[in-house]
Amino acid sequence: MAYEKELVAAKKAASLAARLCQKVQKALLQSDVQSKSDKSPVTVADYGSQAVVSLVLERELTSEPFSLVAEEDSADLRKDGSEDLLERITKLVNDTLASENLSKPVDSTLSTDDLLRAIDCGTSEGGPNGRHWVLDPIDGTKGFLRGDQYAVALGLLEEGKVVLGVLACPNLPLTSIAGNKNSSSSSDKKGCLFYATIGSGTYMQPLDSNSDPVRVYVSSVENPEEASFFESFEGAHSLHDLSSSIANKLGVKAPPVRIDSQAKYGALSRGDGAIYLRFPHKGYREKIWDHVAGAIVVTEAGGIVTDAGGKPLDFSKGKYLDLDTGIIVANEKLMPLLLKAVRDSIAEQEKASSL
């Protein structure tokens, strides 16, 4: 299989990072301080996750130049007054790495300087040439703080094209979230690892075990009335009224399923829903790390991911995606109907706003 070595490293990196995040989220949810304005737990997990992924990829793939496009840099951790936070993250990363057998083991305990260097490996700009790993260390920070859905999302670009993607979704049930539970044996178990490499399909396995992976496929629904659709949990992330208009035009009967993060892409890849709509507010620029891993996970499962104009997403332009209005995801049968409903709804909104 192409990219086998890279996939093994990516799965290990994302799984370890997810383990770190789970530890932080568990402590957060057990603490008395439930103030959602306290962002320190997600800060610890965000930086810790990025450091773990960076260190694992570098250690597992020693023979090649390493470029990582990621959400965080260490500037805030280098400021005066951040020493305690930096120590806390460093300890968490050391504890996490010590729990795993790496191909090239950690020679000694990481210092705070080692941690800062690892985080700053993620400052690549990406682009159309060469190989670039792309990471969102915690996609869905608000979901993380609520104890809900989030994902560690890691992808690989080669010459501007996505060739590999891994989504670690610690809180996503192993069985469908669409209401048609078909496996009572694992209905309460959570933690999914989705992965895909170009031309090889999409697979899912439990995050916390070495169980055999299962190949997954997007929904085969052809009638839009029977389709369910996903959208962002947070209204600030997507225009829910536009999504509602599109759903009405399609005749969708089911209410939207609103979940955080690229866990949506994972759930779509196994057929939990049939459509994903994301329409950010005007002026918002999508970042590649919010979609690289999820896009290949869905496309290798038989889905289509485009912007609102029907063009494929172009990840070769650096850190940002230049899009027509938003992102839409569906299977091949539904996509033509969906694109028409999107165009009509956007035209209606533009006409209404100009009156």
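Backbone N, Cα and C atoms are what each Cβ position is placed from, and that goes for glycine too.
Copied over from TrEMBL, here are the features:
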type    : residues                              : note
BINDING : Glu71, Asp136, Ile138, Asp139, Asp290 : Mg(2+) binding site
Site of maximum Cβ density within 10 Å, from binding-site residues Glu71, Asp136, Asp139, Asp290:
Asp136
Taking the Cβ of Ile138 (Mg(2+) binding site) as the centre, count every other Cβ atom within 10 Å, in any protein chain shown.
29
If you take the centroid of the Cβ atoms of Glu71, Asp136, Ile138, Asp139, Asp290, the listed Mg(2+) site, which other residues of that chain have their Cβ within 8 Å of it?
Leu135, Pro137, Gly140, Thr141, Ala151, Ala153, Ser261, Gln262, Lys287, Trp289
